[in-house]
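My questions all concern the structure below.
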Amino acid sequence: MAAPRMPPSRLSGIMVPAPIQDLEALRALTALFKEQRNRETAPRTIFQRVLDILKKSTQAVELACRDPSQVEHLASSLQLITECFRCLRNACIECSVNQNSIRNLDTIGVAVDLVLLFRELRVEQDSLLTAFRCGLQFLGNVASRNEDSQSIVWVHAFPELFMSCLNHPDKKIVAYCSMILFTSLNSERMKDLEENLNIAINVIEAHQKHPESEWPFLIITDHFLKSPELVEAMYGKLSNQERVTLLDIMIAKIVGDEQLTKDDISIFLRHAELIANSFVDQCRNVLKLTSEPQTEDKEALVTIRLLDVLCEMTSNTELLGYLQVFPGLMERVIDVLRVIHSVGKDSTNIFSPSDSLKAEGDIEHMTEGFKSHLIRLIGNLCYKNKENQDKVNELDGIPLILDSSNIDDNNPFMMQWVVYAVRNLTEDNSQNQDFIAKMEEQGLADASLLKKMGFEVEKSGDKLILKSNNDIPPP
């Protein structure tokens, strides 16, 4: 392809406003590089010329950083810088030859340095913002599917560029910076993040602030969640709201359309240890909500979300076995269920059964389903596990579960989860079956309630038999 001629922008060694020819030539190149055939035939000399213009224009930005009064004179330089970045950005699209040529000219280092200068300026100018965005887009494109370029971008950009841009007020800059981070990360570079946890935390914050942006979400699902070491190190540093965000993404990964792979399972077993330990240690935080009903206690919300994660993990047969034998987990779940059941019956609070729906955002809405999820988790942990079935009985959990079956708008599907738990508690467990049958005979379990749940007690000689009505499907 024939490149438009670009005359020099210096006369007699004195900096002058950018010649209109330079800008027009760059714009022409940018348009040409939208076509694949033009990208594939571009001579290396073009990229050297673009780099020369970029370097010369950078001098004006450096001057403005040293002398803020010069900012008002940046317009022509910013126009050239923006068009240089657009030109280079387009040249890199699905063209490894151009990516390599541009990288080998050390354009990446110049671009990163310039982007960092933009952050230093801290002035509100649309032209500066546009140049900033285009610079990040170029860095993302030059690194896309090119490991050599990714390495160079990482060397120049980590950690300063990510620290500077992930918390930028402009959501497009955050998105483009996240794209660069996503593109450049690999298993080795994850270790760098472990030593710079603030960057990882900034990604969580970016997802919180901009949930519509796919890049922060993809960084967390495709990189962070594949590193149990990073997740564990980061979890202790996160705010409670950030923990809720991370746990929500973990749930999304577990229940997503794509089934967890064998590698995912081994990683999530490590996550399960963190989640279970955190729940066992912190589950009583949820009780703060009984004394401070008007306060959205963030620690309590973390506990609620930890329970949600455990419910989804124990619904996965490959994760279930590990959690069924996790020390202290069943005991804690029964303990919390007993306390909130007692508190809910003794006084009016957010754990009391309700027959009226709550508005979204109310603290009652935040705790919706907590009690029924405790029972769901008990049912999961008892699935084909006699040791846990017996443990629930020993902890007096069976009467507690049966007494929790009242309709409660705060706990949708409560009856279904009670039925599910009772079935798993009694499957191939004659001792638990006898226990419930005797409760019914002694009036401690309502026969009509048991029938509604799909169970009935029959007398055979001097023995009581608990029978299940298989016509009622599990939840």
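Yeah, the Cβs are placed from backbone N, Cα and C, and that goes for glycine too.
When I checked Swiss-Prot for this same protein, it listed these features:
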{"type": "MOD_RES", "residues": "Arg10", "note": "omega-N-methylarginine"}
{"type": "MOD_RES", "residues": "Ser12", "note": "phosphoserine"}
{"type": "MOD_RES", "residues": "Ser77", "note": "phosphoserine"}
{"type": "MOD_RES", "residues": "Thr82", "note": "phosphothreonine"}
{"type": "MOD_RES", "residues": "Ser430", "note": "phosphoserine"}
Would you mind ranking the modified residues Ser77, Thr82, Ser430 by how many other Cβ atoms sit within 10 Å of each Cβ and giving me the lowest?
Ser430
Reported as an integer number of Å, what is the Cα distance between the residue listed as 'phosphothreonine' and Ser430 (phosphoserine)?
76
For Ser430 (phosphoserine) and Ser77 (phosphoserine), determine the Cα separation and express it in whole Å.
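So the Cα of Ser77 (phosphoserine) lies 83 Å away from that of Ser430 (phosphoserine).
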